[in-house]
Amino acid sequence: MKNFFSFSKLTPHLKNIYHRNMTYTTKQVGETGSLEYRLFFLKDNKPVSSFHDVPLWVNKEKQIVNMLVEIPRGTNAKLEIATKEYMNPIKQDVKDGKLRFVHDKYPFNYGALPQTWESPEHTHPSTGAKGDNDPLDACEIGSGQGVTGEFKQVKVLGVFAMIDAGETDWKILCIDVNDPIASQINSQEDIEKHLPGKINEVYTFLRDYKIPDGKGPNQFAFDGKLQSIDFSMKIIEETEAEWKDLVGGKTKSSLSVVNTTLNDSNTVTADVAAQKLNF
């Protein structure tokens, strides 16, 4: 996959998405539901990477992180961060030249935690498998439907140790801090009390969503049990450290690490990024 997607002939569409304590603008290139579709991010009208420039932590002591919504609840287009492309826009995954859709609609908002990375060079002792080369995934179980490109501030509630095609693929369970019942949910017991059956619903979906495509169920460490908040925080910290090794050049990778805010060897000015993107 090329590190830069050519879209000079496509018309960008500007859309504002407001976030708590920060405002991002998304710029869409190509039509939704097309191979050309890309959703780029700007802050203060300057290009930023959704992977590298948006901070992970909102309040570490309270286990609150930023989550980028890729696939809103109730939808099934397989949207994801384009980790190998310049400035890491969101795109729709492609398989055999066709846009990818999951058979069943997601029963939660699905997305990723910025400034995290599951290194394919690291075998995790809990799973016996190497990382899947992507940011940490997150499943947000609040009542509201997210929007693709929205950054939610979410409270960490647990993690599933999924093993997908032989690779470690952690799934953080979380809830939007602005959800009406977020303040009442601080443990697995609280989830079962206020959202009975939700943990099993998330687990079952993650386990079985590839079966209609002719594949077997995904595997899980810990017998598929949701792990504690403390364990989840350790996983987030580990993948944050692996991300730092990625952008710091300690781990070699084909992923794009270009950014506009980190002030490292991969940082470019906003003007350079905008020119490259034809913004």
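Positions of Cβ are set from backbone N, Cα and C atoms, glycine also.
Record features, source Swiss-Prot:
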type	residues	note
BINDING	R100	diphosphate binding site
BINDING	D132, D137, D169	Mg(2+) 1 binding site
BINDING	D137	Mg(2+) 2 binding site
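Report note: the Mg(2+) 1 site is defined by D132, D137, D169, and the residues of the same chain whose CB lies within 8 Å of the CB centroid of those residues, excluding them, are E118, G131, D134, L136, M162, D164, E167, T168, W170, K171. In this view, the densest Cβ surroundings among the binding-site residues D132, D137 belong to D137, judged by other Cβ atoms lying within 10 Å. Each residue contributes its Cα atom, and for D132 (Mg(2+) 1 binding site) and R100 (diphosphate binding site) those atoms are 18 Å apart.
The C-beta environment of D169 (Mg(2+) 1 binding site), restricted to residues of the same chain at least 6 apart in sequence and closer than 8 Å, consists of E118, D132, D134, D137, M162, I163, N218. Look at D137 (Mg(2+) 1 binding site): DSSP puts it in a strand. DSSP assigns R100 (diphosphate binding site) to coil in the three-state reduction, outside any helix or strand. Cβ neighbour count for R100 (diphosphate binding site) (all protein chains, 10 Å cutoff from its Cβ): 15.
D132 (Mg(2+) 1 binding site) falls outside any helix or strand according to DSSP and counts as coil.
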